[in-house]
Amino acid sequence: MSVLKILHYPDQRLRLIAKPVEKITKEIYKITNNMIDTMYQEEGIGLAATQVNIQLQIIVIHKIHAIEKNLILINPKIIEKKGSISIEEGCLSIPEYRAFVPRFNYIKIQAINLNGNTVEIEADSILSICIQHEIDHLNGKLFIDYLSELKRERILKKLIKLKKRIK
């Protein structure tokens, strides 16, 4: 498998809306395996395909935050939601920045698994937050979109400085 390049804000490709996966193919298996390798390499807890410039509705969640194995969700949709929770979130596409974001504490998801079967998954707490965060990516939304414009401008300036330091 291989590690994919993660897009970083303000890359406009992060704002693209992912297309549904029509059929589970060998290429989809390869994409999900590469996404998992990338997530582990970058020490993330979740990753959306759009973060690695693949415009398909695929998310992966680290096994520690899923149940007992990595969670792969294709074409995920939230079909039920309730309660509220807010913890400090970070993102592989927005390095070195964290913020509190309001989320639903409980969600029920409908998605397709790698066998092509429709599944429903209930999640709460950190798993719920992680799934919502990754689904946002599929819709071209970043966690900083929940913040004020002033905070977003500060983040952008900080990331530009960070990028200059790295070069």
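Every residue, even glycine, has its Cβ placed from backbone N, Cα and C.
Per Swiss-Prot, active site is recorded for Glu134. For Cys91, His133, His137, the entry in Swiss-Prot reads Fe cation binding site, with the evidence type sequence analysis.
Note on Cys91 (Fe cation binding site): other Cβ atoms within 10 Å of its Cβ, all shown chains, come to 25.
Excluding Cys91, His133, His137 themselves, the residues of that chain whose CB lies within 8 A of the CB mean position for the Fe cation site are, in sequence, Gly46, Ala48, Gln51, Glu89, Leu92, Ser93, Glu134, Asp136, Leu142, Phe143.
Compared over the binding-site residues His133, His137, the count of CB atoms lying within 10 A of a residue's CB peaks at His137. Around Glu134 (active site), the C-beta neighbours below 8 angstroms that are at least 6 residues distant in the chain are Gly46, Leu47, Ala48, Ile59, Ile61, Leu73, Pro76.
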